[in-house]
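Per TrEMBL, the features are as follows:
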type	residues	note
DOMAIN	20-101	domain 'GST N-terminal'
DOMAIN	106-231	domain 'GST C-terminal'
């Protein structure tokens, strides 16, 4: 009986420590979701893709509201842990799954990565969200809405150019892909393809993007490769 009891305890401990399957609630064209897909790909973490069609308002469903009352993607579910916001998700992944780190050990480089990610997450992307630009378009017209988005994006990209120009090598803060790159790559794609930003104004960022384009993890996580993509 004692041996059987001991085996049961070992089995229970083994079961409780086994990793749960990650679920990612995502929309194919969301650059915020792309960051998380890119990070998961870099870390080699498998996950189940849960599409949320924000053009059809699926983010306002009662089920999704329970996951994120702000009605935004992405949302990561890891067992009984629910994390929304791409910045928070990446920090969670760093703590829970430290393999293939996305933050360098060096404090200065780590701070640079966090600053770059924060600039994009807080000062660029939220100000060109589809919902905000649609509201501006209804109030002031499509040309003014586009001009506003371009102004915000260029201001943010200039800040990133100045922040990274003395540290960038093959990637934003050296020869490894870190969190700054995970945020930068999707933002540059959106800036050029959706808002016609001329990247020649930002030579450091332009050079970095040439390095990003050949990353298999970026390609695998790109919008066009997602199951809910519309071609």
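Every residue, even glycine, has its Cβ placed from backbone N, Cα and C.
Annotations in TrEMBL come from automatic prediction, not curation.
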Q: Tell me the residue counts in helix, strand and coil for the domain 'GST N-terminal' (20-101), as DSSP assigns them.
A: 36 helix, 18 strand, 28 coil
Q.
If I take every residue in the domain 'GST C-terminal' (106-231) and average their pLDDT values, what number comes out?
A. 91
(Q) Within the domain 'GST C-terminal' (106-231), count helix residues (DSSP H, G, I), strand residues (E, B) and coil residues, in that order. (A) 92 helix, 2 strand, 32 coil
